[in-house]
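What TrEMBL records for 16-278 is domain 'Deacetylase sirtuin-type'. According to TrEMBL, the NAD(+) binding site annotation covers 44-48, 54-56, 126-129, 220-221, 244-246, Cys264. Residues or ranges marked as active site, proton acceptor by TrEMBL: His146. The Zn(2+) binding site annotation in TrEMBL covers Cys154, Cys157, Cys178, Cys183. The region 'Disordered' annotation in TrEMBL covers 288-310, 346-377. Summarising the annotation, TrEMBL assigns compositional bias 'Basic and acidic residues' to 294-310.
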Amino acid sequence: MGQDESRMVDDDTPPKTLDSRSLESLAKYIKDGRAKRIVVMTGAGISTSAGIPDFRSPDTGLYANLQRLNLPYAEAVFDIDYFRKNPDPFYALAQELYPGSYRPTITHSFIKLLHDKGLLLKLFTQNIDCLEREAGVPDDKIIEAHGSFAKQSCIECKYPYPKDQMQQAIKDKSVPRCLNSECNGLVKPEIVFFGEQLPESFFRNRFLPEDSDLCIVMGTSLSVQPFASLPQACGESTPRLLINSEQVGSLGSRADDVLLLEDCDAGVRKLAEACGWLEELENTWSETAPGQPRIEKKKVEEPKKTRDEKLAEEVDKLTEEVEKSLKLHQEQHEWLANHVDNKFARIQENEETTPSVNALHTGSGSTSKSSSGGLQHVFPWIEKKPTL
Ligand code: CNA
């Protein structure tokens, strides 16, 4: 049985893995090569210094500043039932939160540095802002437990919606509708709303912390389940570090928990310095500055297409080809009709003067004035010319 996760460990309890519950001791543990499979768990607090408010900080948090949206209660903006009735407040807010206008923080770059050093097992984030990707952490290392703005789809039939059209809708504060005309459901970014299921990738990886040798929790109030239980999945003797403005969850209840109750950016700088990585960290972060050559990002994978979508695409392609060929056919038809008309006119003209040429063209030796009639089996669309 594990120890009581709700009680803070007392100062007399000796750590099991670290020399002491201090940042220096934790840094030594890392430098000694004992932390090779680090799990990082993050929340809105790692993005506040980028300019994105968190939810729950009093005064500055998002929930404290939503009066302008006239919501019945602050959380309604992310509630799927409320969204069905009134999607406008979400789209008003989405314009402010949409990725593209914020620079990753040095805390995001710290996670990238852990990856560069081959030490990052997985990042579990509750954030929807995609700043981890912007910082260069590869997609396959990130579990976006609450989804993100990276993809969008219909809330009813899940039909994917193109990114560029979503960007335009966000810009216009308009509410996009499903492109499947039979559905016409509301479209939203694949952010997990209250009342929606977490992504399958979260459930698939939720026990991964058991395999870690260090857990770093940053910028989260650990108040949203099931994410909040992740740190408990770490082994009893696995060191856990909390970098946050306040003590949260069960962090501090175990013998190898280290608490750094301060600003995330300041905290990661201290840890990096203690590990001898500060310069590298600053360099990694400087790559995210506006105007710097962008970090190579892996393409966000488009959702896999269903059989019906593939079929619809194939039908569209075929329709386009048929239309193109019909258009060609039509042009050819017009050209030939003109051509024959001209010829017919010339023949008529010649007939009046040189009947022998006419006989050559019809191939019959006849002097019939109805030449086009002879061509009708080849060009059936040519109307029979009236016999002059
Ligand atoms: P939260 O409940 O708002 O908690 C944030 C925590 O971070 C609090 O404990 C704060 O004290 C702490 N904090 C804030 N700023 C700092 C800082 N600079 N340094 C250190 N600590 C700080 O947010 P959670 O992430 O815990 O809640 C989960 C919600 C928040 C998820 O569903 C997210 O989708 C949602 N959210 C995400 C974003 C984003 O993507 N940036 C923004 C706002 C909300």
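Keep in mind that glycine also has a Cβ here, set from the backbone N, Cα and C atoms.
No curator has checked TrEMBL annotations; they are predicted automatically.
Location within the structure of each feature annotated in TrEMBL.
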residue : record                       : Cβ contacts under 8 Å, 6 or more apart
Ala44   : NAD(+) binding site          : Ile52, Pro53, Asp54, Phe55, Gln126, Asn127, Gly219, Thr220
Ser47   : NAD(+) binding site          : Asp54, Tyr102, Thr105, His108, Asn127, Asp129, Leu131, Gly219
His146  : active site, proton acceptor : Gln126, Asn127, Ile128, Ile191, Val192, Leu198, Val224, Phe227
Cys157  : Zn(2+) binding site          : Cys178, Asn180, Cys183, Gly185
Ser245  : NAD(+) binding site          : Gly45, Ser57, Leu261, Glu262, Asp263
TODO: Among the binding-site residues Asn127, Thr220, point out the residue whose Cβ has the most other Cβ atoms within 10 Å, with all shown protein chains included in the count.
DONE: Thr220
- [ ] Using a Cβ cut-off of under 6 Å to any atom of ligand 1, determine which of the recorded positions His146, Cys178, Cys183 qualify.
- [x] His146
Task: Remaining residues near the recorded Zn(2+) site, that is with C-beta within 8 Å of the centroid of the site residues Cys154, Cys157, Cys178, Cys183 - done: Ser153, Ile155, Glu156, Lys158, Tyr159, Leu179, Asn180, Asn184, Gly185, Val187
Open item on the list: I need the most crowded of these binding-site residues: Cys178, Cys183. Count other C-beta atoms within 10 angstroms of each C-beta and give me the top one.
Closed with: Cys178
TODO: Tally every other Cβ atom lying within 10 Å of the Cβ atom of Phe55 (NAD(+) binding site).
DONE: 18
Open item on the list: I want to check the contact list for Cys154 (Zn(2+) binding site): same chain, sequence separation of six or more, C-beta distance under 8 angstroms. What comes out?
Closed with: Tyr161, Cys178, Leu179, Asn180, Cys183, Gly185, Leu186, Val187
